[in-house]
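Here is the structure we will look at.
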């Protein structure tokens, strides 16, 4: 039999928003995963792609395997996905697993559901390259900040009253409609929110740049005088404006929740949920798709009309955006992040220093294992030979295969395992 468990060498994406050099968790993982890699101190290391995506197909690090990449190997050995996964996802790995290191904000964006994705792909294939939905989940590795979902209405109304430049862009009629909308009429609230956000996003460039400059000038003066600018979300405004001067996305901070994650905490981004990552390092998992509808904080193609049409305008507090992990009933060292979509699940595996032998158990799904900390020798009946595992190691594990870890680190291990639990 060909080896069904093997190490991967994964593709790095050097997007401009990434952390630079060895400040990046991506760079640190790559450097410890492969000592021969030279990290460029002035180069951004934004994303590590662990999977079989055509724009970043992982290389197989096992010279007994004739296929060069994971995508080729899966195409030749589709049974490795597991029977259910293979049938449900037409012989493709249904997820892309990543590490992200965010230095400057990513664009304000949302991902379409399957129905909208198919429509966008048919109409604008150059901007929407496939017909799949793209739910995603981020789990913090370091303190992580992002914007996600619409704030409670009272918070937005408070900003409308404290930030005259925002009110000018939205207009008095729309602002008053939101102020009058009552919590007993959620559809009325969503409708008013849609009008306000759409008016903001569609405002004339010259007008919003003038308003933004006035706002930034006012906040900078207030901050210099030692005043509290939190009523205008001053710190975040100045941070985003320094990164994307004159960008409409700077105003979205008054509509979207600021979510702060501690290491191990997660946020799940379903279809049509507006979001933008701001800073920090995380592991991320998503359905295999590149469909992103953007509307600000970006030099890329923006599609304001589609975004404003598709969004989920349900206000909710930022605390509701933190997705809980459940400790596994079968193994107390495993914490499951199992979102309400079939495409993916992540396990966080924390092995204490007291344990010297640990079994990565078999499951009816292909999985990808990432080592964040600790060292071990891995053995598997499905691997060609012993595998040395350390920080930055990435393994592909075929369905129904297990690995025994012989731990050698004084402080235990932290692993993340991406899979598909149908």
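Including glycine, each Cβ sits where the backbone N, Cα and C put it.
Caution: TrEMBL annotation is automatic and unverified by curators.
Pulled from TrEMBL, these are the features on record:
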type	residues	note
DOMAIN	5-153	domain 'Phosphomannose isomerase type I catalytic'
BINDING	109, 111, 136, 275	Zn(2+) binding site
DOMAIN	169-256	domain 'Phosphomannose isomerase type I helical insertion'
ACT_SITE	294	active site
DOMAIN	336-376	domain 'Phosphomannose isomerase type I C-terminal'
Entries of 109, 111, 136 which, being binding-site residues, have CA atoms within 10 angstroms of the residue listed as 'active site': 109, 111
Do you know the mean pLDDT across the domain 'Phosphomannose isomerase type I helical insertion' (169-256)? 97
Shell list (Zn(2+); ref centroid = CB of 109, 111, 136, 275; cutoff 8 A): 110, 134, 269, 273, 292
Across all protein chains shown, the recorded positions 111, 294 give the max Cβ-within-10 Å count at 111
How does the domain 'Phosphomannose isomerase type I C-terminal' (336-376) divide up by DSSP, counting helix, then strand, then coil residues? 0 helix, 21 strand, 20 coil
Near residue 136 (Zn(2+) binding site), how many other Cβ atoms are within 10 Å of its Cβ? 23
Helix, strand and coil totals (DSSP H, G, I; E, B; other) for the domain 'Phosphomannose isomerase type I catalytic' (5-153): 40 helix, 47 strand, 62 coil
Take the domain 'Phosphomannose isomerase type I helical insertion' (169-256) and count its residues per DSSP category (helix H/G/I, strand E/B, coil), listing them in that order. 67 helix, 1 strand, 20 coil
By the 10 Å Cβ-neighbour count, the most surrounded of the binding-site residues 109, 275 is 109
